[in-house]
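Novice: Among the features that TrEMBL reports, domain 'NADP-dependent oxidoreductase' is placed at 17-280. Among the features that TrEMBL reports, active site, proton donor is placed at Tyr50. Under the heading site 'Lowers pKa of active site Tyr', TrEMBL lists Lys78. Look at TrEMBL and you will find His109 tagged as substrate binding site.
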Amino acid sequence: MADTKFKLNTGAEIPALGLGTWQSAAGEVEKAVSYALSNGYKHIDAAYCYGNEDEVGQGLKTALESGVKREDIFVTTKLWCTYHSRVEAALDKSLKSLGLDYVDLYLMHWPVAMNPDGNHEKFPKLPDGSRDLVKDWSHIQTWKLMEKLLATGKVKAIGVANYSVKYLNQLLPEATVVPAVNQIENHPSLPQQELVDFCKSKGIHVTAYSPLGSTGSPMFTAAPVVKVAEKRGVTPATVLLGYHIPRGSSVLAKSVNPERIKANKGLITLDDSDMKILDDYAKDLEATGKVVRYVYPAFGVNFGFADQPQGIIL
Ligand SMILES: NC(=O)C1=CN([C@@H]2O[C@H](COP(=O)(O)OP(=O)(O)OC[C@H]3O[C@@H](n4cnc5c(N)ncnc54)[C@H](OP(=O)(O)O)[C@@H]3O)[C@@H](O)[C@H]2O)C=CC1
Ligand SMILES: O=C[C@H](O)[C@@H](O)[C@@H](O)[C@H](O)C(=O)O
């Protein structure tokens, strides 16, 4: 199962399981990346914002020197919000840190621009403490700059992250290139079924992030997850990762612990009866408005997700 792949609208394939690197500390992430790649992982998810692309790059270098082939692995990184008007320069910085001459996928991390000349390189703030956004810069302008990257050969595919149906509906009529991927938070407590179905209908592959519920893996104790784990004789982690395969999505699991990195690779395909237990739970949460979103940074923007209250839509 670890070898399962999904086809992107570019014709390339994305390996179903990727190693996440958000909040993976320097001193740990290099080993995590090289360990994962030497133990069958084919997909690494990075981002400029994570502040550890240099170490991820060291891990890639170790793996490549030990015989892993560049063409056999899939590396993603992401454009950070303070770089929306400097897309190619941002990509070049990431490539340099990663020690690569191309990435397989470059994602717009969030569809909102932050001040490139503000009081912090990544998280500029206004005097009132709110994030310093560039409200008259549209995510569509950013996408147009991302489209230009394809001709440089420095990206094999471009995509988005944290896009709702509302934002995709703004983007798609203006786009020359349909995003290959939308990377979103996804797990049985946040199924985002409408968004997943919408992406599928447009040929946009979904990659699920925070499948375990992010830091501390809180989804491990969700009752239906425990039920399916007991039924199948596997761990909750295996259930939570396997949930995405029948949905046609790839999934990212972060760990810096070798045993967990290895364990997470034991991806299984959940059967119809397993999926029914998780889907019934998910549908009930959606119907009662009790879904749980673990990652919603304080941009002060309503990104248009069905579970979020209405507010500013840029
Ligand atoms: N585009 C975006 O905006 C976002 C993208 N992402 C991407 O998705 C990746 C995954 O999401 P993330 O939020 O990190 O969270 P995950 O859902 O992957 O959960 C990570 C947590 O689970 C722990 N863990 C992992 N495997 C196991 C296991 N088998 N048993 C017990 N605990 C385990 C990890 O600890 P430990 O390391 O100690 O094992 C860590 O605390 C990110 O790292 C990032 O690459 C995530 C959020 C937003
Ligand atoms: O990819 C992970 C998340 O999106 C992360 O990059 C953001 O939550 C960021 O820390 C922020 O505060 O905006």
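Any Cβ shown, glycine's included, is placed from N, Cα and C.
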Novice: Restricting to the chain of the residue listed as 'active site, proton donor' and a gap of 6 or more, list residues whose Cβ falls under 8 Å of its Cβ, or answer none.
Specialist: Thr21, Trp22, Gln23, Ser24
Novice: Same chain only, sequence gap of 6 or more: which residues have a CB within under 8 Å of the CB of Lys78 (site 'Lowers pKa of active site Tyr')?
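Specialist: Lys78 (site 'Lowers pKa of active site Tyr') has long-range Cβ partners Ala46, Ala47, Tyr48, Cys49, Tyr106, Leu107, Met108, His109, Ala161.
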Novice: Per DSSP, the residue listed as 'substrate binding site' is which: helix, strand or coil?
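Specialist: The residue listed as 'substrate binding site' sits in coil per DSSP, no helix or strand.
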Novice: Measure from the Cβ of the residue listed as 'substrate binding site' and count the other Cβ atoms within 10 Å, all protein chains considered.
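Specialist: There are 20 such Cβ atoms around the residue listed as 'substrate binding site'.
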